[in-house]
Each structure stands twice: as C-alpha cells, then as structure tokens.
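Now, the feature entries from TrEMBL:
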SIGNAL    1-35  signal peptide
DOMAIN    55-112  domain 'Cytochrome C Planctomycete-type'
REPEAT    245-286  repeat 'WD'
REPEAT    287-328  repeat 'WD'
REPEAT    377-418  repeat 'WD'
Amino acid sequence: MPFAIQTLNMMNRMLMPLRTLFVVSPILCGAIALAEDGAAPDFNTEVAPILTKYCAGCHGDFAPDGDFALHSYDALLKGTPDGPAVLAGDAESSLIVRLITGEAEPAMPPDDEPKPGENEIAILTRWIDGGAKGPAGVEPDRLSLIVPKIEGKADIRPITAVDIAPDGGLLAVARFGTVAIYNASEFGSAMESDPVVELDEFPGKVTSIEFIKDGRHLLTASGVVGLGGVAALWDVETGELVREFKGHRDILYDATLSPSGSVLATCSYDRKIILWDVNSGEQLRTLGGHNGAIYDVAFDPNGRFLVSASADDTCKVWRVEDGVRLDTLGQPLNEEYGCGFGADGETVFAAGADKKIRIWKFISTDKPRINPQTIARFGHEGPITHLEMTPDGQRLISASEDKTIKLWDAASVRELHVWRDADRDVVSSLAVTPNGRSFIVGRMDGQIDRYEIPEVAPPKSRRSTAETDYVRITGEATDVAEQEPNATAATAQAVTVPAVISGLIHNDSESAVDTDLYRFTAKAGQQWVLEIEAARNKSTLDSFIEVLTSDGERLPRVKLQAVRESYFTFRGKDADQAGDFRLFNWQEMKLGQLLFASGEVAMLRSHPRGPDSGFEMEPEFGKRWGYFDTTPLAHALGEPAYVVEPHAPEAEIIPNGLPVFTIHYENDDAARRDIGKDSRLFFTAPADGEYIAAVRDVRGIDDPKAHYKLHIRPRNPRFEVWVDKKESLAIRSGSGREFVVRAKRIDGYDGPIRVDVDTLPDGLTATSPVVIEAGRTEAFGLIAASGAAATIPVIAPKPGDKSRDVVVGTATAMIRGEEVTRNFGIAPSIKIDSKPGLKITIEPLPGGTPPVSSASDGLLAFEIRPGETIHLNVRAERNGFKGRIPLGKGDAGRNLAKGVIVDNIGLNGLMIVGGTSERDFFITADETAQPGSRLFHLKSEVGGDPVSQPVMLHVLPPNDRLASRDR
C-alpha cells in the first residue's frame, strides 16, 4: 500500500531517543507542581512523564537495556533481574533514585543525555516515600501522546495515502489524523467540495488506506511514532468504526487484507508482521525475522503467500497458513519501500532506496528455496518510494523522490513513459484506478493529481545500427595514391570506393600533426569495412580511423544507456585479459549483456563459478574482444563500469538516472584483436550521401616512416575452420581422445557453424555433428576406438589417398541465405594403444538428477531448464593410475551449450582426489541458455588425456513456473 516514507523516516530518527514512550516538553514539566497538602504525587500525571522523558528511550518495552523496562507501572515494580528498583516507602534505598542521583553506578541517564532537575527528582522521591502507589483509575492508552498541543501555522496538509473504491465511485484521502472520502466523479473539484464521509478517530498519522472488495468498508493503518499502531475497519457509508486491531509496539506502515477477506496482515516500525483473523479480531500469528522497519506487505492472488519489504535491505516471502519464511530476497542494496506479487502470482516485484525495480521468479511455493532474481532495473535518479501494478498485470507505475513518475512494461521492466513534475512536490501516495486506465497521486503539499495511462506498444527487441539489411555493393577495388593537402573536410581527397589508398601520415609543417581525409559516397544500408594495413608492413604508424559526416563532424553509431552501475573490484585488468572480471553487484548482471568501461564495450560470457572467481568475457580464448569497434583498454581497481543497452543514435532515451554514452564510427586497434595495432572499422551508411574517412596516428604524431594502406571494401562475412594443435591422436582401446575445432570469423559473421566428420576409419566413432554456436569460436568433439580398431597399432592414410588425414571434416554455415562449406583435416593419423589406462565415466548420482535415457539405451542423457542446476557423478577406473585426476577449472564440461557450465568448482576446479575414484558435480543452466540438445564430455590432462563418454544434455524451454529439481 502507498505510504509517506520520507516524513515517517525523518520522524522516527528524530524521536529515536524517546522510542516507545510519551514525550514531555520542558514547558509541560515546568507546569508539574508539587502535590497539594503533602499528598503523594500521582503516577500517571506526574511520575510517568519523568520516567518517559529521561529513561524510557533505553528502557522501553522492546528490548530494554539491562532487561529493565519503565514503560508502565507494572514494569517498574518488576524491577531488574537482580532485584527491585523501587522500595515502597524508602526512596533513599531505592535503586532507581540512587542511579538518578549518581549514588550508584552507573549513573543514569548517561553523561551525554539530559538529566532530571531537582524538582523532578523530588517528585519521584515523594512518590516512593508515599508508598509508590499505582495509577488511580484506568491507565491511559499507550497511544495517548502527552505533549503540548501546538497548532500549525501552515495551510499545507500533506497527503499520506489515497485509494479508490472497487467501483471507482469513491476516493479516500488520508492526512494526519483524518481520512476524507469524496465522490470520485467530482475529482476535479473534490478538494474544494465537502467529503461524503470524514473519519477522524485516529491516534496519529494515517499511513495507508485500502478499500475492501465489497466497497462498503475501508481499512486503515495508523499509529504514533514510538508508542504503537492500530489497524481499523470502517463502515464507509456511516463512518462508524467496525473493528480495531491493536498489537504493534510502534507505528503501522501498512495493513492489507487477503483476497478472501478473512486474514489481515499488518506491518510496523517494530519489525513485526502480525496476521489477524478479520472476523474475530484475534491474532493468528506473528512473523518475525526482519531486522528493520517493515514498510509494505502484500498477498499473492490466492492469499496463500505474503511478501514484505523492509528497511533491512531485504524482502521476505512467507507462507500464510503456518508463518514459515520461504525465502529472503537479499539482493537489494538499500531499504525496500514497496513490494507485491504479479497478477499471475508467479513473480515478486519490489523497489526502494537503491533506485532499482527488481523482479523475482516465485518458485518457493511448496518449500523454502531460493527464488531467482530475473530483473534488476535502475529506475530513477532518486529513491523509488512507490511501486504499483495495474490490475491486468501488464504495467508497473513507479514514483520517486526525484519528482518523476514512470510507466513500465511489467514483463521486461522497460520504460514506456515518463511524467516529469519538477515544479510539483514529491509524490507521497499512489493508487491505480480499478479499470487500470489511470492512477491518482497525493503529494506532500496536499495536492492530488490524476494521470491517464497512455496506450504504449510493448517494447520491441533493440537492434544495434549495424544489424541492418544487406545492400549489395558491386565494383572492383582501385588503387589510389594520397594527394596532399587533405587534412580538412574542405580539402578531403575524393575517392571512388571500393578502393585501396596508399598514404603517409607526415607533412613538412611543424605547426600541425598530419591527418588524412578521404571523401567517398555510400548509399543507405551499404556495409563497408575500412581497414588499415600499416604495422603489419613494418610501418611506425599506430593508426586510428574514423568516419565523419560530409562536414567533418563525428558520426554517431549507437547510444548506450546504462542500466546498472558497477566498478572493478579485487584488481584491475589489462587490455588483453578476458577472464576473472570481478565486478561489484555482479549477481544482477546477465550473460550476453554489454559492459561499458572508459569507452570500451565488452560482453559477459560466463558467470563466476565460485566465491574466488569473476566473469569470463568474450571470446572463449585469446585476447578480449571489443564491441561496436571499441578498442579494449586497461582498467584500474575501483574504476566505474556500467551494464548498457544499445539504442539507435536518433532514439529518444527515457532517463533513468544513469549515463547515456554515444559510440561513434571510429577505431584504434581492431576490436577482434587479430591484426595487431592496425585499425578496422565496420561502417553502415545511415543515409545516402557523402562521408569522410579520416586516418591519423592515435598518439598524435607523424613520421616519414608512417606509411599505410587504407582498404575501403564491402563487408564480406565468411569463416575459416581448423583443428587446434592438429596431430596424430593416441587413443587407448575402449577410450577416446578430444579434438578442438576452432573458427575464425571474418567481417562480422557470427552465425552457427556445423562441423560434420566425413571420413572415419572402421572401428572408430566420433561425435558428429559438432556445432560451433553463434558468436562462439570453438567446439569440442571426441574420437573413440573399439572393436576392430583395437588390433591396429597405427591408422594412417593409404598410399595414393588425396587427403593427408585419416579423419576429415566439413564445416557448413548459412551466410546471406547461401550455404557455405569448408573442408579441413581433423587427424593425420591415429595410434591405438591396447593397454588399459585411466578411464572416466559420467553417470547418474544416486539421489541426484535422474537421466531421461541411460547408457543401456545407447546414450546417457539428462534434461535441464534455464535457471536449474542438476546433480551428476563422475567415476574413474584408475587401472594403476594413483594421483589426482583434474577434470578442468573454468573449462570443465567440454562442449556445453552457451550459458551452461559446470558449477561450484572452487579454486582447484573439478577434481577426483587421490585415493578416491568418484565425485559428484553440478551443471547449471543460466536463465539465458537457449533450448537445444548438445553432447558434452569431461577431459583430464593426466593419464594420457582421457575423455569421458559423450553425454547428451537437453536444454528445455523454461516452464511457466520454474520447477528446479535440485537447488
């Protein structure tokens, strides 16, 4: 439910020293006079205010210091664990007087706190000497605040909560101590008209209001800071109080009914949630576990579960029927102010002071388990104070201290619309109309506004500007020599492309460093490659190339909106490293996301696999790649980094409080790191017209030896494949050996490549086909020997064979609608060793994940879904091998699909230790893993490099409700 977090937090901090008790001002104390005619002072009117003022801040009814509470007469007489604090008739010997006067240690109140005056000590002494009598009559309600009543001079009355009746006919507006109910049809003049009903029997601030489904009753939550809270049901027509629910020791922040209307949940600053029977008013159970104030609670659509948002930086999920805590959602980095369930009950959403909207997949429906966070979106520049979902579950509406309100697509949490109200006061309450077409906000200045929810199309997948349709380019490249002067846009040398331009970064002038500009014409959608050939030809040029507009201005390529902020932890990175990227808040990052740092754009390839590990970046091997032709750079410890999303350069970006970076058409060193210091730039013409290619030395120098060739050619996507470390394979009978197929992707071809083993001698088997996944550069297969092959020591090409290899493969890919093939050798010869050696076998783990088919059926196979972890076993037949059997670290689990890893491997990786012959291991599929089937195996680098048998892993589509088998 909506609530005014800002003011409540401020009040709670200000009144912290006097929590749970009445506050007595010096004016009131000065008015307390000695009892007439020598009568003992009255406890309620004279003694209790003194104890409240000086003692009860630390000795209240909740966790009192020294187990000594002073919040009531009974608590005072109970005394301390060591004995009574008050001896009736003997003030001089009473512990409480001795502590206040300093005759006993430790003196109270402490030195840094105000101390009672002589008149106040005299009242307390006379009360004890007079018999320490209890209250006369009924003890005052603990919610009664004994302070002077000071009328405010300002006309502003902040709105603390709003709600709309289910039929849309009534609007309830809460302010301090009152709730006014208006005719919603007169919304425009509602604040000037008289309310239909006004409720004013509240002890203090009204923090939330909620119309009941029948539309005839209103539920309110209120209380007094430090004293207590109360929830109440009201008859809307008559304004009569139907029932009160008292039990909290501090102000309530929210009260809500279950969908059936039978259970009430209340939450408070006292860190407790209480569930109530609505009909009887009795407490059902208290839910404890939060370590901070609880600001919001919400039932799921079926009323079986409850979610809570707290100042302890967490949300918690509870089962209503027995109060069991099913999960603590600990990802938030600051207080959470609002929470709820999705309309289908399958997600949990929340937001708060860390400025992020978070979504979790709710799977702990039958037992406590981890509910995976699926989205964490940076939403506003200030804390998000309110977050509500429309009744159809399609949209989220958030309000922030930054004075903006935003509309979001609930499924993807992408911005759809923003309302900027810089000239208005902060939103203090928010409610969506029952028809979901509009929402109402109340503000701190007492104003109410209604906003219509616009019809906005759901966001489409975003494409980089490089992903345009292919436009064919014809013509042969011509050789062109540089002609000076060509250092400005006005003097740029005109060339016809395709072309190979020979140039030199050097001039005779000492006043300026040389830059060479070449003007060319391109049509919209044409894809060009601009490549420098210099360092490869022993030139001194460290090139930098860019494409400019016809006027010589920088040409934007893509906008990158930051959606998550981070920084480098543990250590920095050089420009080449692709592994162990330690990033703050890495848990909220997803595989395949782009990471921006100091102008470089990299891609997250694999999650950390243990507590002492970091992200692996693209590619799988070799130097780190850049994206959008950015050049990888060195990064320092603590350097800022951002997860970013690409937008077209002309796109209007809805601000979220994080930076937006513009990447231009420019490159220093080729992003794929395959041509050294030379530059390569991919350029897609955004429109018909003239453009300028500019070449210079990135260091800002020129040199008579800085010669170069600039190739401006059409993009020609293609690939090459080969077997890494191709050599004769030595295979033990009954076992196998691994081969690694690697691909060089040229001119941006990133699609899948299928590798078929075409030629294979009798007695040998191979995993075929082997697929190099889209965007990847390697895949793993294996060749095994059995049967007739076991008797042949060497398998080599026969005399006269055209191929020099006994195992030959074919690589196939679809490029621009055409099938492209490449033939290559896999193994020149194979040696067979008939002696038994180390053998590795993957098998089901008893009590672990069951297979969908077993080895007796021909192939061991398992299933996994995105977000799941499965539990398997690996066994070794040592056959004389006695040492440790390492099975890989980050590369354990050979040929697993993208987003699927061997998990929880620790510093030593996956290993069978000496003296044992088996161990269990885990395979986790990231939520980004795509459905498909793929063979994988394990490999060791000892005992002849044995490999396990191939095992099929089916990655299934995610269920509507994730059913993790083994978390």
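Glycine is treated like the rest: Cβ placed from N, Cα and C.
Counting only same-chain residues 6+ beyond the ends of the repeat 'WD' (287-328), those with a CB under 8 A from a CB of the stretch are 1, 3, 5, 12, 250, 253-254, 256-260, 262-263, 265-275, 334-341, 343-345, 348, 350, 352, 354, 362, 364-365, 367-371. Residue counts for the repeat 'WD' (377-418) under DSSP, helix first, then strand, then coil, are 0 helix, 25 strand, 17 coil.
Helix, strand and coil counts under DSSP for the repeat 'WD' (287-328) come to 0 helix, 22 strand, 20 coil. Sorting the repeat 'WD' (245-286) by DSSP state (H, G, I as helix; E, B as strand; all else coil) yields 0 helix, 25 strand, 17 coil. Broken down by DSSP into helix, strand and coil, the domain 'Cytochrome C Planctomycete-type' (55-112) contains 19 helix, 2 strand, 37 coil. Per-residue confidence over the repeat 'WD' (245-286) averages 96 (mean pLDDT, predicted model).
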